[in-house]
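Below: the structure, in C-alpha cells.
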Amino acid sequence: MTPLFTIAEIRAIEHAAAQRLPAGALMQRAGQAGANEALDLLPFTISRARVLVLAGPGNNGGDALETAAHLGHAGAQVTILHLAPNGAAAPERVAALQRARSSPARFADIASAADGAALASGTDWTLVVDGLFGIGLARPISGDVATLVEAVNALRCPIVALDVPSGLDADTGAIVGGAGGVALRATHTITFIADKPGLHTAEGRDHAGIVIVSNLDIERELFPPARARLNDVALFGHCARRRRHSSHKGSHGSVAVIGGAPGMAGAPILAARTALASGAGRVYACFIGEAPAFDAAQPELMCRSAQGYDFSSAVLVIGPGMGSAAASAALLGSALGSESPAVLDADALNLLAAGAALRAQLAQRGAPCILTPHPLEAARLLGISAAQVQADRPAAARALAQQLAATVILKGSGTLIAARDGAIVVNTTGNPALATAGTGDVLSGLCGSLLAQGWPEWEAALAGVWLHGMAADVLVTEGAGPIGIGASELIPAIRTAINRLAAHHGS
Ligand SMILES: NC(=O)C1=CN([C@@H]2O[C@H](COP(=O)(O)OP(=O)(O)OC[C@H]3O[C@@H](n4cnc5c(N)ncnc54)[C@H](OP(=O)(O)O)[C@@H]3O)[C@@H](O)[C@H]2O)[C@H](O)CC1
Ligand SMILES: [K+]
C-alpha cells in the first residue's frame, strides 16, 4: 500500500534526514540509486553502452552528476550535458560536480542547451538519464531547454528520470505551465525518498513510465502519516465474500439503475448488466423514457418505468442516460429523498451541479454515497473549468468529497478516489481502452453492485475502480486492445476479476 507524499512533505522529510547525516549524503545515495537503476537497463557488456546524462542547474542535476560518476566508473561511455547553475550552487552539488569531473565520464562541450539538443539527436544512445529538473521546478520549461526535452522525447532508447520526469508537477501530474510547458517522457522513473501522486495521475502515467521508489535509507519515523496512497487489493480485498451454498438471490442485494431518457436506453442497460455480472442478486433497470419489455441479451434484468419506482427498495445507481429534463431532476430529488445507498453518475451529477436544492438534499443524506464524475462533470460541480480540475486533480477530488459529503471517484488517467476526510487513493489499473463511451456506466453499475452486496462505501469505491481498470488491463494483455474495446466487453472480464478477488482475498 504505497504511501504518496507531496513536494512539501518530501522537503520536510529531506530536511529532517539531512540533520542526521553528513553533508551531501542524501545526494550521493540518490546518485547511487540512479546508477543502480540505469545499470539494470544497460547491456552486460557495459563498455559498449553510450549513456547521455542530463544534469540540470539544481540539485536534481547534482543527483545526475553523482549518477554519471558511478556509471563512468562502471565502464559505460558517459557523456554529461551539464547546465551550470545560474548562481551559487548547493555545496553537495559542487561536490557532485567534482566527483563527476574526476570520473571517466566526459562533459559535452556545448555552449547552450540547443547544442545539447543537437547532441541528443545526433547519437545512437543506449540510455538517457534525466537529471534536468526535479521537485524544484518552479516555472515552465521553455526556450533551448524545451528544445532539448523535445529532442530527448524523440529518442527510442530507455530514459531514466531521476526523482521526477523533468517538467512534470510531482503533486498533481500536470505539466508545469500546462499547454505552455513541456515534460520529458521517461520509460522509468526512480523517485527518491517516497513516491509522489503526480507520477500516477493526470499526465503522470504517460511521463513517468515504470516508477521505482528509493527511500535513500531514511528512517521510517521521519515520514508523517500519509494522506495519499496507491490503490491496492490490500485496501479492500478483505471485503470480498465467497459465496455460501446456503444463499439465495436475496442474499446478494438489489440494485436499481435509474436513467434511460428517450434515446439513451443503452446506458442503464450497461450499468444494470454490470451490476448483475458483478454479483448483485436482483437488478432493475428503471427507464425515464419508455421501458423496453425486457433486455433480450440479459433477460434476468427487470425493466421498469422509473416513474413510481420505490426508491427505498434497492441500492440506487442514478444517472446513466438520465438526461437533464425537469422530469429527471424531479426523479433525482425523489431518489435522494430515500435512505438507499446511492451511486450518482453522469447526468445525475450535472443535475446536482445545476440544482442547489438537490445538493442540499444530498448533504443531508446519511446513507452511503459514491459520486463518479469525469473531469468535466467535476468542473461543473465545482464551478471551475475542466482544465482547472486537471491542473490539480487531487485538490479537485478532495474539494468535491468534502463539499458533497460523499466518496468521490474522479475518473481519468490515474483515477482518484477521495474520502470526506481528505484521504486520497490513486488507482494503478486501467488503460486507454477505458476512454470510450459507456465505460462510466459500467463503473457505476459495478460500484452499485458492491454496495448492494454489503461492501462499505470506501472499499466499494476502491474495489470498483480497481476491478474496472483490471478488466481493461486483462483484455489488453490478451491482445484485444486498447484500440476498439467496447464498454460491454469489460463486463465478463469484471466478473472474472471479482471471482478471482473473492477466491484469493475474500472470506
Ligand atoms: N537537497 C538534497 O539533499 C537532495 C535533493 N535531491 C534532489 O534535488 C531535487 C530538488 O532540487 P532543487 O535544486 O530544489 O530543484 P531542481 O533541481 O528540481 O530544479 C530547480 C533548479 O532549476 C532552476 N529552474 C527552475 N525552473 C527552471 C526553468 N524553467 N528553466 C531553467 N531553470 C529552471 C532553478 O533555478 P531558479 O532560477 O528557479 O532558482 C533551480 O536552480 C530533487 O528533485 C532531487 O532530485 C535528492 O533527491 C535528495 C537529496
Ligand atoms: K528529473
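Glycine residues also receive a Cβ, built from the backbone N, Cα and C atoms like all the rest.
What TrEMBL says about a protein is an automatic prediction, not a curated fact.
What TrEMBL lists as (6S)-NADPHX binding site is 59-63, 134-140, D163, A267, G321, H374, D441. Annotated K(+) binding site per TrEMBL: N60, D130, S166, in sequence order. Residues annotated as AMP binding site in TrEMBL: K411, G412, S413, G414, T415, G440. For 10-224, the entry in TrEMBL reads domain 'YjeF N-terminal'. Among the features that TrEMBL reports, domain 'YjeF C-terminal' is placed at 232-501.
The structure, with features from TrEMBL marked on it.
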| residue | record | DSSP class |
| --- | --- | --- |
| N60 | K(+) binding site | helix |
| D130 | K(+) binding site | strand |
| I135 | (6S)-NADPHX binding site | coil |
| D163 | (6S)-NADPHX binding site | coil |
| H374 | (6S)-NADPHX binding site | coil |
| T415 | AMP binding site | coil |
| G440 | AMP binding site | helix |
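Most Cβ neighbours within 10 Å among the binding-site residues H374, K411: this distinction goes to K411. Checking the binding-site residues N60, A138, D163, T415 against ligand 1, the ones with a C-beta less than 6 Å from an atom of that molecule are N60, A138, D163.
The binding-site residues in question are I135, A138, and the one with the fewest Cβ neighbours inside 10 Å is A138.
With respect to H374 ((6S)-NADPHX binding site), the closest of these binding-site residues in Cα terms is K411, chosen from K411, G414, T415. Cβ neighbour density within 10 Å is lowest for S413 among the binding-site residues S413, T415. A Cβ distance below 6 Å to any atom of ligand 2 is met, among the binding-site residues N60, D130, I135, S166, G412, S413, by N60, D130, S166. Long-range neighbours of G62 ((6S)-NADPHX binding site) (same chain, six or more residues apart, CB within less than 8 Å of its CB): M27, G31, A55, A89, A90, E92, R93, A96, L97, G131. The record gives N60, D130, S166 for K(+). Within 8 Å of the mean position of their Cβ atoms, the other Cβ atoms in that chain belong to L54, G56, G61, A64, G131, L132, F133, G134, A161, L162, D163, V164, P165, G167, L184.
Remark: D130 (K(+) binding site) has L54, A64, V152, I159, V160, A161, L162, P165, S166, L184, A186 as non-local neighbours, by Cβ distance under 8 Å and separation of at least 6 in sequence.
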